[in-house]
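Asks: Quick one: the structure is below, and I'll ask about it shortly.
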There are 6 protein chains.
Amino acid sequence: MQEKSLTHFTQQGEAQMVEVGAKPVTLRRALAGGAIRMAPATLARIRAGDMHKGDVLAVARIAAIQASKRTAELIPLAHPLFLTGVEIRFALDADSSEVRCEAEARCQGQTGVEMEALTAVSVALLTIYDMCKAIDRGMTLTGICLLRKEGGKSGVWERKPGAGQ
Amino acid sequence: MQEKSLTHFTQQGEAQMVEVGAKPVTLRRALAGGAIRMAPATLARIRAGDMHKGDVLAVARIAAIQASKRTAELIPLAHPLFLTGVEIRFALDADSSEVRCEAEARCQGQTGVEMEALTAVSVALLTIYDMCKAIDRGMTLTGICLLRKEGGKSGVWERKPGAGQ
Amino acid sequence: MQEKSLTHFTQQGEAQMVEVGAKPVTLRRALAGGAIRMAPATLARIRAGDMHKGDVLAVARIAAIQASKRTAELIPLAHPLFLTGVEIRFALDADSSEVRCEAEARCQGQTGVEMEALTAVSVALLTIYDMCKAIDRGMTLTGICLLRKEGGKSGVWERKPGAGQ
Amino acid sequence: MQEKSLTHFTQQGEAQMVEVGAKPVTLRRALAGGAIRMAPATLARIRAGDMHKGDVLAVARIAAIQASKRTAELIPLAHPLFLTGVEIRFALDADSSEVRCEAEARCQGQTGVEMEALTAVSVALLTIYDMCKAIDRGMTLTGICLLRKEGGKSGVWERKPGAGQ
Amino acid sequence: MQEKSLTHFTQQGEAQMVEVGAKPVTLRRALAGGAIRMAPATLARIRAGDMHKGDVLAVARIAAIQASKRTAELIPLAHPLFLTGVEIRFALDADSSEVRCEAEARCQGQTGVEMEALTAVSVALLTIYDMCKAIDRGMTLTGICLLRKEGGKSGVWERKPGAGQ
Amino acid sequence: MQEKSLTHFTQQGEAQMVEVGAKPVTLRRALAGGAIRMAPATLARIRAGDMHKGDVLAVARIAAIQASKRTAELIPLAHPLFLTGVEIRFALDADSSEVRCEAEARCQGQTGVEMEALTAVSVALLTIYDMCKAIDRGMTLTGICLLRKEGGKSGVWERKPGAGQ
């Protein structure tokens, strides 16, 4: 791994948006995950909203989808691309007292969509923080990582179970 | 804690941007932190860039400052506000093999700047991921949380050491 | 009315962002309304979603709030301003087979917030169109107008009942 | 119509950006229309500006073109796409005392451009409102709808004369 | 001059958004200028449009005003601020075969509006380039500089005649 | 040259986003250049930062890359497009006491990328101005022009040496 260079820099060490024009257009797909840990009472509140009204997760889902479309504005060296689909899933885990989020992003293009999926997860969790911060300032975003990617020269990559967290 | 309501919803459970016009204008300050865990070789690469050229952290710092200014576009119910200052600090920790990031945001206003600080940290870490992902897809963002806040009716809040992570 | 000039143009007829720096800062409030007319079956579908899941109006509400914050980007000569609060209300009217939307925007500033309220209503209705267009392309946005405004030199203005539509 | 589902939601009722990657790339074209009704004196003022200087419609046209490019930022579940062309036309109708606007948007893609055309019309009319509101607060946006679309699996769709308004 | 430090960096040489919260709010005003040099035939074409229809300068003026509102998004360390007014003026100079542009920006705030005025001029000239490039690729933007500023601790600053170009 | 029309206007003189859907997709490449002239002491300061820390040019490079991705938002009639690569180069010239910037933008598309390259250069130079303005208000942006373009029907265009400046 040591020998690979960071392609986002020229040989002179200057940041660049790497040329991808010669890469083939393939179906790209990336799945990212993450969680926000909170007080049990906060989790209960979110669960209640999900059932009836005051649905924190519905707002976070929209924020995540919108953020994924603006990834190239947020991440300086990311390429603009056309997402063909985005899906956001939440799961509430009472044992660890956290909301888990997974985002899947897809496009047909010359670069991967990992950053789109990771940005979606991050903004989903930040939005949950925003909506619940009045009752629980200590919430923590954790374990935001790539779970799986497909497409491009490197093909399928899958996170090894238990790795990295 | 149970009885407090989520102010981002009306009594009918509908999302709203809460009215803050009656709150006094005070100096607001928020400090947020977080980290990205990575392979030791990746950390070494970032450290090398920081010394010479190919400076991943310098790019991440700019991304973070720019993102903090756009927080209200990303977080649906956040209020627009005028940041008067933003600072981003990084520290490389070889023991845990991670880059730690802290962001401090400040304004004089009617709402807090927690989301601005948390957004800055998140985008800083995402930018590091983007620039290093070609050599290390398994990196994980972790422990993104509020460390301290000042200003407003609730005054100073400080994270208890060791809490939440 | 004839003699009043359009202040958005200089005497040479050139568009400008009118100077408002000498105006006093007052509480500004604007209420705008509008509707989208549709097939009765489409209205029934929206009503069903509102009850259970698949909530078109919840998505439209978030879109409206976010758009209100970006009004000055969309409307060329509008002044940037800090909204202190935004509320979006929907009502389903089976008789006229339409969804009605009202948006209230508030700020403390030197210019009114009519455009913010009107932009919120328009984007709410456009979002409903987007989500239902696969089943009803003939929907029509109608009656988007200012209902009431407060603040500034001109004080309270209220739409006369039945006017303009 | 009853049986068709709203594709913007998953079977669990969660909002998503629908996957369109499998759809063929075809020429897409959408024509939308709408109007802003106003006092006769306001219409006369706009007509005068169109002749000489102080051209309200020229400003509204630019606002509309720019807004059409940002549709996917405003409408949460809309797909980003590359417009290949946009045209905005205005007509002044003294009988009904309104400015009519039509917008045509075109692209080669996997999704339609109806939302781009409808957004362009809406922002054109909102911009006219903004520029004339100092002399006529009672103006009303009305009859914003799709007039025609081409491309994609469903082929040509045309609004029936007199429908919906 | 040598001894003054660049305030946009911390003592460790890290970029920051400088804290301005302690500065007094004063009326800020900045006037910037610049020009685009072109073939005489291109200038003639622009002049013709200004007279009749096809008005390049009207489009450039709107682009400039809109860009001035987004300065803090473009310039990484610039502070967000509320412009209270913006004016764009053009002059055609047949002798030097160029269009000159001046932009005046104003706000009441804690930081200057030089960047807003300079950004407005630059985007005005870029827009002229865009609209005329099909007939004259060799056009050159030149002499974009601050002409005058007012407000803040440093008071009035005026460019010495003939300086710098 | 006289006879060519400005394609950004319809025959009625109304601004439009020109239809490019019938043009072939080719590799597009544009190189633009420009400079910012400053006091020798300012140039020395930038050179010092480039060596150690406080790197003005690194910040300007990121600003330029990010701005190039948003060209279609800034330039009203520019088409949205997918940049496949962007590179920004700086050179310090002690003789003329200026920083020169060159930007190369590339895409595969139906329209050229001249505006993306020119926007990148302009925002790079504006960012340098912003970071150094506290020590040198008199800096001037100069000679911003297209140096070379490739792709599309008109093929290669190269600026004649010494032209236009």
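Glycine is treated like the rest: Cβ placed from N, Cα and C.
Got these off TrEMBL a minute ago, pasting:
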ACT_SITE  E:ASP130  active site
BINDING   E:LEU77, E:ALA78, E:HIS79, E:MET115, E:GLU116  substrate binding site
DOMAIN    E:17-152  domain 'Molybdopterin cofactor biosynthesis C (MoaC)'
Asks: Within 10 Å of the Cβ of the residue listed as 'active site', how many other Cβ atoms can be counted across all chains shown?
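Replies: So the number of other Cβ atoms within 10 Å of the residue listed as 'active site' is 24.
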Asks: Using C-alpha atoms, which one of the binding-site residues E:LEU77, E:HIS79, E:GLU116 comes nearest to the residue listed as 'active site'?
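Replies: Among E:LEU77, E:HIS79, E:GLU116, E:GLU116.
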Asks: Give the residue counts of the domain 'Molybdopterin cofactor biosynthesis C (MoaC)' (E:17-152) per reduced DSSP state, in the order helix, strand, coil.
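Replies: Within the domain 'Molybdopterin cofactor biosynthesis C (MoaC)' (E:17-152) the tally stands at 49 helix, 47 strand, 40 coil.
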Asks: Would you kindly determine which recorded positions in the set E:MET115, E:GLU116, E:ASP130 have their Cβ under 8 angstroms from any Cβ of chain B, listing them in sequence order or replying 'none'?
Replies: none
Asks: Out of the binding-site residues E:ALA78, E:HIS79, E:GLU116, which are near chain F, with a C-beta less than 8 A away from one of its C-betas?
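Replies: In terms of proximity to chain F, the binding-site residues that count are E:ALA78, given in sequence order.
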Asks: Out of E:LEU77, E:ALA78, E:MET115, which of these binding-site residues shows the lowest number of other CB atoms within 10 Å of its CB?
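Replies: Ranked by other Cβ atoms within 10 Å, the binding-site residues E:LEU77, E:ALA78, E:MET115 bottom out at E:LEU77.
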Asks: For the domain 'Molybdopterin cofactor biosynthesis C (MoaC)' (E:17-152), what's the mean pLDDT in this predicted model?
Replies: 94
Asks: With an 8 Å cut-off on Cβ-Cβ distance and a minimum sequence separation of at least 6, pull the same-chain contacts of E:HIS79 (substrate binding site), or say none.
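Replies: When sequence neighbours closer than 6 are ignored, E:HIS79 (substrate binding site) has E:MET17, E:VAL20, E:ALA72, E:GLN110, E:THR111 within Cβ distance under 8 Å.
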Asks: What whole-number distance in angstrom separates the two most remote CA atoms of the substrate-binding residues E:LEU77, E:ALA78, E:HIS79, E:MET115, E:GLU116?
Replies: 13
Asks: Sort out the sequence-distant neighbours of E:GLU116 (substrate binding site) for me: same chain, 6+ apart, CB within less than 8 Å of its CB, listed by position.
Replies: E:ALA30, E:SER68, E:THR71, E:LEU81, E:LEU83, E:VAL86, E:ALA105, E:CYS107
